[in-house]
Amino acid sequence: MTLKRLTLSCASIAIFAFSVSARNIVFPPIAGVNGLIGSDTQAALSSDNAPLHIGLKFQGLTTFANLPYVFCLSEEQNIESYDIAFLGAPFDTGVTGRPGARFGPRGIRQGSHRMSPEAGYNIYAGSNAFLDWAKIVDCGDVPLTVLDNTYALKQLDRAHKVVSGRTANSTEKSSVPRIITLGGDHTTTLSALRSTFDNWDKVSVIHFDSHLDTWRPDVLGGGISDYAGVNHGTFLHIAHEEGLIHNNSVHAGVRAPLFSRRDLKNDVRCGFDIITAREIDRIGVHGIIERLKSRVEGSKVYITVDIDVLDPAYAPATGTAEVGGWSTRELLSILDGLEGLDIIGADVVEVSPAYDNAGETTVLAAAEVAHSLMTLMVQKPVKAST
Ligand SMILES: [Mn+2]
């Protein structure tokens, strides 16, 4: 045997010996795991008894915050009851800018995939809103046609009525379920307000948005047709015309350009006050909270969050981005500061995941906004007035 051959065979014996011993590595017992102090937790584990209850954030189908799915749109009356329902509205054919918000509901759910009731303790609220009195579920998305806006909005109107038309789970705290809609373009809020009117009568709207969304249909829609006039920039004008909202509503974070001063006059006529984006530099987060609370005092409140209220640095994935907006932290602090209001419905809209980045900046922000809205609803139970 040559020296070279001898060296090679020695090397292969060494590799063989190493791989055999690698299979036999036994880790020392870990003290304190699942209360098994002092026992051999490693030896007991096999594929027959490997625990399947660990890793709840990555199992099952994607619901908002890994909440249970309930088929709330069922024609059956006897389904599992709930107090707060997440409901997707995949509709984006009422936009004037970039489309794509029909994928918003699944984007927001993806952004929420690390949230779960089991690990839902909120350090700011000092509680776990998932495990409080309210039974919270995800109802999935409403089936909406993508080819006819009028038809789709009628579908969404009906879905809101069905989902909020059931008896709540915790009847000592609530009477009918409250809905948090995951949009969808902003037109979808019109269906939600039609539904809240049935259960809670007129409401005041706190509208987080860079735009007014009270444009007259003949201004934003061009007077072409009634069909064109119902869109994501006119729905608050229509809600006012339909008598769904009080005249003490308010926009927050406004900064987008207008057609003319007449837009502002029409905005006042529709019942809105304006807090611009830059006012936060003058009065701060607490000043914004105080103005919002005093504006809607004494009313039932609907909160709608157009994700474009955030600066595009924090929410690039939206249809009509406007620079100079609030940060995610500022918006979350303002939302959390609204604790105590009678919030009867809410939504996060205009999330258009195709324009998001690899870090999922927008859907993460939208999911946390939805979590804040849910927390506000848990903190203040509201019974329907009818
Ligand atoms: Mn909007």
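Cβ atoms are placed via backbone N, Cα and C, with glycine included.
The candidate list HIS186, HIS286 contains one residue that TrEMBL assigns to the Mn(2+) site with ASP209, HIS211, ASP213, ASP306, ASP308, namely HIS186. Taking the mean position of the Cβ atoms of HIS186, ASP209, HIS211, ASP213, ASP306, ASP308 as the Mn(2+) site, the remaining same-chain residues with a Cβ inside 8 Å of that point are HIS207, SER210, HIS232, GLY233, VAL309, THR320, VAL349, GLU350. Reduced to three states, the DSSP call for HIS211 (Mn(2+) binding site) is coil. Packing around HIS186 (Mn(2+) binding site) is summarised by its Cβ count: 30 other Cβ atoms lie within 10 angstroms of its Cβ, all protein chains included.
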